[in-house]
Structure formats: structure tokens, C-alpha cells
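Participant: Here's a structure for you.
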Amino acid sequence: MVSVAFKQNLKEKYGIKFNNEKLLEDAFTHSSYANEHPGRKDYEKLEFLGDAVLELAVSDYLYRHFPKLNEGELTRMRSNIVRTEGFSEFAIECGFPAEINLGKGEEKAGARKRKTLLEDVFEAFNGALFLDQGMPAVQHFLHLTVYPLIAEGDFNASRDYKTELQERLQVNGPVKIEYQVIDEDESKPSFKVQLLVNGEKVSEGQGRNKKAAEQQAAQAALAKNK
């Protein structure tokens, strides 16, 4: 069950109060839990819907707020945002992990901290919110979570430095590229990462979230290898 404290936080921090709380419960129910509790629905269909809802919502936001960007730049920027790997960080900031219903096996395996699972739950939550209150509610939620990072430039519109670096380094064959967090400020959203290529440190990057820090590190590496 989703906790009363979580529902209260949703209302106070994000202005969200579900009309159909069953949708909220479903959004936080993993298939492993549903398998152990007959009659419970998992979040997979809501995740499917949420994926499409987020892509449309972000497309609408970018179209309205970045009128000078061309179609290609808007597409790349949207891709950087909805790639989902960053959604786990938003899920953590919103307090989602503690509310997820997991089966006993998945709980023991540490699934609650699994990034891919948190990304799925973030999508499912937005799918549930869309069904419950429509696109305006989803946009309001994203304005309080995702969109501030867009305004701060954490999602570069014209270049995806990580992909560009990977393509450049792998021209002559496979290369092992790693991004390791070396500093995280618990008092505020701040990450510092180092970039390793075949085990050797190449550069560092810093940003409000891990994705932004990795992009900065990749950009620095590209600058060194011009």
C-alpha cells in the first residue's frame, strides 16, 4: 500500500491528489508482487502508457519553449530527456523507492534500488496521473521535476556528447567506457564523475545530476581529442 505520508507529500509538494487511488497503487506494484497477491495489477501497462505520455508532454514543452530550435535539434533534445536513464533520479527525489510493492525475491535481490525499475515506476506514475487527471496534471508535475533541469541546460539540444565520444572512440574497435561517481553532495543535487577509457582516467565532469555530469565529462574528453 502507498503510505499516507507519501500521499500527503504528493499533495503538499506537487499539488497531486489522485481521484482514483487504485491507479496510484497499481503504478507502484511490481509484477513480482502481483504474482504473489492474486487480484493485484502490476504497473506494466501504466508504464507503457506513461512512456508515450512523457514523450508527448516533453515534445509539447520543447516546441513551446524553444522556438528557435529546428526539428533535428528538438528531436535530439527530446531524446536526451526521455531516454529514461535519468528518470531514476527523479523517482528518488520524489520518494518513489520506499513505496514500491515488491515480491519477496525481488526485495531480497535489492530491486528497490535498481535504476531500471525506478525508471519504469516513474513512467508508470505519469501514466497513472494521465489517466486520473489528464495531460495538464502531468505537465504540472514535470514543471516541478524535469523541466527545471531543461531550463538550466542539463539536456543539450544540439549535441549528445556521450554518444559522440563513444562513436569516435569505437571507430577502430570496441572500447570500454566507464563513468564513475567520485563525489556526491548530499546537501544539494550535485554529482562529480570521472570518465575512464579502458581503465584509464580521461576527464571529469560535474552537474546537478549524474546525467549532466557525464555529459560534461564526455565533452571534456572530446575537447582533448580534437
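Glycine is no exception: its Cβ is also placed from the backbone N, Cα and C atoms.
As annotated in TrEMBL:
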ACT_SITE  Asp51  active site
ACT_SITE  Glu123  active site
BINDING   Glu47, Asp120, Glu123  Mg(2+) binding site
COMPBIAS  214-226  compositional bias 'Low complexity'
DOMAIN    7-134  domain 'RNase III'
DOMAIN    160-226  domain 'DRBM'
REGION    203-226  region 'Disordered'
Participant: By DSSP, what is the split of the domain 'DRBM' (160-226) into helix, strand and coil residues?
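Facilitator: In the domain 'DRBM' (160-226), the DSSP-based counts are 24 helix, 25 strand, 18 coil.
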Participant: Express the distance between the Cα positions of Asp51 (active site) and Glu123 (active site) as a whole number of Å.
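Facilitator: Asp51 (active site) to Glu123 (active site), Cα-Cα distance: 6 Å.
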Participant: If you measure Glu123 (active site) to Glu47 (Mg(2+) binding site) at Cα, how many Å is it?
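Facilitator: Answer for this pair: 5 Å between alpha carbons.
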Participant: Are there any residues in the same chain, six or more apart in sequence, whose C-beta is under 8 angstroms from the C-beta of Glu47 (Mg(2+) binding site), and if so which?
Facilitator: Asp120, Val121, Glu123, Ala124, Gly127
Participant: Just name the most isolated of the recorded positions Asp51, Asp120, going by other Cβ atoms within 10 Å of its Cβ.
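Facilitator: Output over recorded positions Asp51, Asp120: least Cβ neighbours within 10 Å is Asp51.
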